[in-house]
Amino acid sequence: MSTQYILELIGTYFFAISGALAVSNVENDLFGASFTGFITAIGGGTLRDLILDSHPLVWIADSMVMYAIFAGILTAIIFYKYVIKLRKTLLLFDTMGIALFTVLGVEKALQFGVGHEVAVIMGIFSAVMGGVIRDTLSNITPVIFKKEIYASACMVGAIMYLLLNQFHVERQVNLLASASVIAAIRLLAIRFNLYLPSLGSWK
Amino acid sequence: MSTQYILELIGTYFFAISGALAVSNVENDLFGASFTGFITAIGGGTLRDLILDSHPLVWIADSMVMYAIFAGILTAIIFYKYVIKLRKTLLLFDTMGIALFTVLGVEKALQFGVGHEVAVIMGIFSAVMGGVIRDTLSNITPVIFKKEIYASACMVGAIMYLLLNQFHVERQVNLLASASVIAAIRLLAIRFNLYLPSLGSWK
Amino acid sequence: MSTQYILELIGTYFFAISGALAVSNVENDLFGASFTGFITAIGGGTLRDLILDSHPLVWIADSMVMYAIFAGILTAIIFYKYVIKLRKTLLLFDTMGIALFTVLGVEKALQFGVGHEVAVIMGIFSAVMGGVIRDTLSNITPVIFKKEIYASACMVGAIMYLLLNQFHVERQVNLLASASVIAAIRLLAIRFNLYLPSLGSWK
């Protein structure tokens, strides 16, 4: 198994945890929590693959993905009281997850011969749509709409991946560099409370 | 027409009624009610078929499905004041509907050669996603997240179908037995007010 | 470029503006606004094409669609304070957009050999689902459920297109006539405050 594959499974595992711990689940039943964990973990990649017409879907073709999701859900359920205290650590893993999924999403889209703009959007979708679906089902404002540098960090990293790719930077280096930029932007933004202006903020 | 086919049409008919009667529709217009009825009836199967890449979709290939949906919507509109009093009866039909759609969903997924875990999830999706979409559009907490034995009953029946299938139980018997188990669990849970614990319920 | 193609791009442009200006975006960040603009513009057509299994999706195959969306988003961001005052004008363009997308959606569905009922629904989906997704993400009641003649106008136009098509009316004439009927119904309904009754309105 390649490092990248293992990282993907780990990312999926953490996405499932974050989904199972979604706000609304605290007062809902275990099955609801598991369901949200599942949807969050597969949502972004599934939407990307449906749009690209890439079948079979990753989680259908590869049981390991499914097991990573189940492991994440079980972790959230069994170690609930510990995991909930580790929110900061989880945020770190979530950030690494979206960073990784963005660049892998861009790469996959390129393999399907789509244009550069579409590849950037597929990268962003892969990373954030699971969370958007999770929040929409929970009836809370999707994280992507909050005043937080989140999907915009993914966009920067996706564009960077394309640029480095254009300059024939070696794939592994590019994946690592672009994903690191996404993670760095997001973590710095959280640390220094940076955010983008809103639509109505200048008049 | 086989018994199973007729049962599917009846299940679709009742899904359309339940969608058209969705809470928020009481104060919205007739078209909104029809639209929700339609989405509820096709939602689960459509998502399943998109995920499995099964085309054409059932309701596109077979006009009878569409007519069953239209009949359900018209029933809800014309007999609104009677139907609304029959909520208990409707619940019974809804339960039979999800039971049937679960096992048929599992069966369809197996025909596409997917793994057992995926088949179980496809069964659950077929049965509950129409309702999840209905509730999300209505801005209410999806039924699946309520403290109610609902999708978990589908999961038990889906696993049972796979087990009996493994032991070469005759298909019709298996469909009937597994669907009955789903219906029985759900109805008993409602009758005796049983539910699963929530994520934060043990510390 | 045909007139129809240019009209489609203009319709897409206005859909993107309306999405970027969605209620909730006023207090959210620029990226959220762009994201909603994008989803609103592609949502209906993407859902239609996934359902019809028509690949590659329009906005993936044709960069011009993407540029029209970006232009719409930029217009909303840069000229925010002017655009927001032009809501009435925007409503006019939105109305022409849904009228056009309805008839083109019906036409596309027919090319895939689907039944008449399915074609009508595909027309409605093309026109309104982008807005439904936009409103659902924003946690507001989807426009389609409001007491407003909106999707029902699309339905009338879609059926009219099919009828005229049956009578071999020339395509361009039919497109124009059916789209005009949709726009006229919607604008008259707004002007004279007409709406459909609700489900619980007669007892």
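Placement of Cβ uses the backbone N, Cα and C atoms for every residue, glycine included.
Summarising the annotation, TrEMBL assigns domain 'Glycine transporter' to B:6-80 (among others). Mean per-residue pLDDT, taken over the domain 'Glycine transporter' (B:6-80), amounts to 89.
As annotated by TrEMBL, domain 'Glycine transporter' applies to B:92-165 (among others). With DSSP classes pooled into helix, strand and coil, the tally for the domain 'Glycine transporter' (B:92-165) is 60 helix, 0 strand, 14 coil.
Look at TrEMBL and you will find B:6-23 (among others) tagged as transmembrane segment.
Per TrEMBL, transmembrane segment is recorded for B:30-52 (among others).
Annotation comment: TrEMBL describes B:64-83 (among others) as transmembrane segment. For the transmembrane segment (B:64-83), the residues of the chain that approach it from at least six positions outside its boundaries are 8-10, 12-17, 19-21, 30, 33-34, 37-38, 41-42, 58, 90, judged by C-beta separation under 8 angstroms.
Annotation source TrEMBL lists transmembrane segment at B:118-137 (among others).
The transmembrane segment annotation in TrEMBL covers B:149-169 (among others). Below 8 angstroms of C-beta separation, residues 98-99, 102-103, 105-107, 110, 116, 119-120, 123-124, 127-128, 143, 175, 177-179, 181-182, 185-186, 189-190, 194-196 of the same chain, each at least six residues beyond the ends of the transmembrane segment (B:149-169), sit close to that stretch.
Long-range contacts of the transmembrane segment (B:175-196) within its own chain (CB-CB distance under 8 A, at least 6 residues past either end) are made by residues 4, 91-92, 95-96, 98-100, 102-104, 107, 147-150, 152-154, 156-158, 160-161, 164, 169. Annotation source TrEMBL lists transmembrane segment at B:175-196 (among others).
Within its own chain, the transmembrane segment (B:118-137) is flanked in space by residues 15, 18-19, 22, 36, 39-45, 47-48, 51-52, 97-99, 101-106, 108-110, 143-144, 150-151, 154-155, 157-159, 161-162, which lie at least six positions past its ends and keep a Cβ under 8 Å from the stretch.
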